[in-house]
Amino acid sequence: MSVFEAWYMDEESGEDQRLPHKLSPNQPVSVQQLEHIGVFHWKLNADIYENDPELQKIREEKGYSFMDIITIHPDKLPDYQNKLKMFYEEHLHLDDEIRYILEGSSYFDVRDEGDRWIRIAVSKGDLITLPAGIYHRFTVDESNYTKAMRLFVGEPVWKAYNRPADDFDIRKEYVNSLGSS
């Protein structure tokens, strides 16, 4: 998974969440379609993340003032199985979710404006932002390994609100933004 790729998911498959779940035939989703729903992506050099001027520029432009690093692997993340279940529960946040993949690979699933799942494959060097108010979930792929930088504007907030959360103002603002783009 070296190329940023997204596709509509086979939602009927009850298979392992870590599998690609592509439809047959595959239905790719373009970068423009992702941007329409507020999902943005950059490809950076993860080998120099500690001193990367491009990352620093993005952080300054977007106001990403706080960061930490999480390693998602059975040997590195306490309570791994329960954390994976929690990450894969459909939810939204009151703030943007910003993740920079430093090692490994994984999937972010997001809902489009028609409520269909789009699976986004991310791997080393991918920086992705999901807008506040979008329903989404996360899972590792079959590698069972991702090391990611989590970026935040101001103090970090890790509160997830599981679906249904349609009454939240941030959800209403997000849905309204889709009609105006």
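Residue 1 is the first one shown; counting continues down the chain.
Cβ coordinates come from backbone N, Cα and C, glycine included.
Per Swiss-Prot, the feature Fe(2+) binding site maps to His91, His93, Glu97, His136; the stated evidence is sequence analysis. Summarising the environment of His93 (Fe(2+) binding site), the number of other Cβ atoms within 10 Å of its Cβ, over all protein chains shown, is 20.
The Ni(2+) binding site feature in Swiss-Prot is assigned to His91, His93, Glu97, His136. Listed in sequence order, Tyr135, His136, Arg137, Ala160, Tyr161, Asn162, Arg163, Ala165 are the same-chain residues at least 6 apart in sequence whose CB falls under 8 Å from the CB of His91 (Fe(2+) binding site).
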Cβ packing number for His136 (Fe(2+) binding site), 10 Å threshold:
23
Neighbour tally for Glu97 (Fe(2+) binding site), based on other Cβ positions within 10 Å of its Cβ:
23
Note the Cβ centroid of His91, His93, Glu97, His136, the recorded Fe(2+) site, then list each other residue of that chain whose Cβ lies within 8 Å of it, in sequence.
Leu92, Leu130, Ile134, Tyr135, Arg137, Ala160
